[in-house]
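Undergrad: Sharing a structure with you now.
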Amino acid sequence: MTAPTLEIHLSEEQMTEALRTDARVGLTASPKWLPPKWFYDARGSELFEQITELPEYYPTRTERELLRASAAEIAAVSAPQILVELGSGSSDKTRLLLDAMTAHGTLEQYVPQDVSPAALGSAIEALSRDYPELQVHGVVSDFTDTLHNLPTGGRRMIAFLGGTLGNLVPAERAEFLASIAAVLETGEQLLVGVGLVIDPAILVPAYDDAAGVTAEFNRNVLHVLNNRLSANFEPDRFSHVAYWDADNEWIEMRLEATADMTVHVGDLGLTVAFGTGEQLRTEISAKFTLDGIGRELAAAGFDVEQTWTDADERFALICAGRR
Ligand code: SAH
Ligand code: AVI
C-alpha cells in the first residue's frame, strides 16, 4: 500500500482569515448572507453525511445509482490516468468510479480536493487502504481558487459530483466552469452531477427533513462562526427555512431570527443586530434543466458527450469534453 499524501493550500490560519472577510461582508450586507462552504467543519461534514442517508434527500442515492449504471462506460470511454474530484467529501460514491477505472486498468492516481480537512483526512486513509495500488493525494483547498495546482503527467478527468455546482450563484458558476476548462487539455473531461428542476413538493422536503438534520446542518454555520471568530450566536434561536425560488430555480436555505438579537463577533470587533423574523441566507442549491446546464457547459468550453438521468429525471450525470 502506498501511504496517502495530503497537500494543504488552505491552512487553519488562512481559513480563519477567509472566514473573517466573508463574515464581515455577509453579516453587514442587506439582506445578510454567508457562503455555504462554511458549513463544513468536522461536525458539518458529519451532518452532511447524515443528510445523504435521509429518506427525503434523494440526490445522493439517485446519483449513486447513476454512477453504478454508468461507471464502466465512463471508464472505458474516458480511460483517465488521474481522477481529480472537487468537493469530494467522504468520496463514498466515487468508489464506484474508482472500482471501474482500476478494473479498466488505466487509473494511477486519485486526487480528492475539499475545503474540509476532517472529511478529506478520513477519506484518504480509508481509500488508500481499500485501493492499495492507487496513489491517493488529497488537497485541502477552496476549489474556486486553486485549480491551477492540478496534477499533470497523464490523462485527466475532473469529477464534480453531488450537485455542488448548484451551490454557486450563476456568475460564480460561469467563472468556475471556465476555470476548469482553462486547466484541462482538449479531449480531457469533466464529469458533473447536477440536480434537475422537479416538483417543489419533492424538492422542498429534501431540504427540510422531518428529523431536523438539515436544520442542524444549516445552524452549524453559526457554530463555526462562534468557534472560529469568537462570535456569540445562539443557534437555537434561529429557525431553519428552505425556500423554493421558482424564478431562479433554486432552493435557498436561510436562518431566521426568532427574536430581536444582538450578536457580537469577537474577532471582528463587530456587533450585528437581527430583528425578529430577519433572515440570513446560508446557501442556494440551484436545480437545472438539461438544456440550461448544456448551455452553461458550452459557454465554458465543453461539449456534452453523454448524459445519464434517472427514470424520474431528478438528477443528471453529465460527461463533457474540453473542446
Ligand atoms: N461530493 C460529495 C460531497 C458533497 S458535499 C458528495 O457528492 O456527496 C459538498 C462538499 O464540497 C463538502 O465536502 C464541502 O466541504 C466541499 N466544499 C464546499 N465548498 C467548497 C469550496 N469552496 N472549496 C472546496 N470544497 C468545498
Ligand atoms: C453539497 N450540496 C450539493 C448539498 C445540496 O443539496 O445543495 C448541500 C446541502 N444543503 C442542504 N442539504 C444538503
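Residue numbering: from 1, along the chain as shown.
Just so it is clear, glycine is given a Cβ too, placed from its N, Cα and C backbone atoms.
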Undergrad: Same L-histidine site as Asn167, Tyr207, Glu283, Ile284, Ser285 according to TrEMBL: which of Tyr57, Tyr110?
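TA: As annotated by TrEMBL, Asn167, Tyr207, Glu283, Ile284, Ser285 share the L-histidine site with Tyr57, chosen from Tyr57, Tyr110.
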Undergrad: Check the binding-site residues Asp142, Asn167, Tyr207, Ile284, Ser285 for any whose Cβ is under 6 angstroms from an atom of ligand 2, and report them in sequence order.
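TA: The binding-site residues passing the 6 Å Cβ test are Asn167, Tyr207, Ser285.
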Undergrad: Starting from Asp142 (S-adenosyl-L-methionine binding site), work out which of the binding-site residues listed here (Tyr57, Asn167, Tyr207, Glu283, Ile284) have their Cα within 10 Å, and give them in sequence order.
TA: none
Undergrad: Minimum Cβ neighbour count within 10 Å among the binding-site residues Tyr57, Phe143, Tyr207: which residue?
TA: Tyr57
Undergrad: Taking Cα atoms as reference points, rank the binding-site residues Gly87, Lys93, Asp114 by distance from Tyr57 (L-histidine binding site) and give the first.
TA: Lys93
Undergrad: Which of the binding-site residues Gly87, Lys93, Phe143 has its Cα nearest to the Cα of Ser285 (L-histidine binding site)?
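TA: Minimum Cα distance from Ser285 (L-histidine binding site) across Gly87, Lys93, Phe143 lands on Gly87.
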Undergrad: For each of Asp114, Asp142, Glu283, count the other CB atoms within 10 A of its CB; which of these binding-site residues has the top count?
TA: Asp114
Undergrad: Round to a whole number and give the Cα-to-Cα distance in Å for the pair Lys93 (S-adenosyl-L-methionine binding site) and Glu283 (L-histidine binding site).
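TA: Between the alpha carbons of Lys93 (S-adenosyl-L-methionine binding site) and Glu283 (L-histidine binding site) there are 23 Å.
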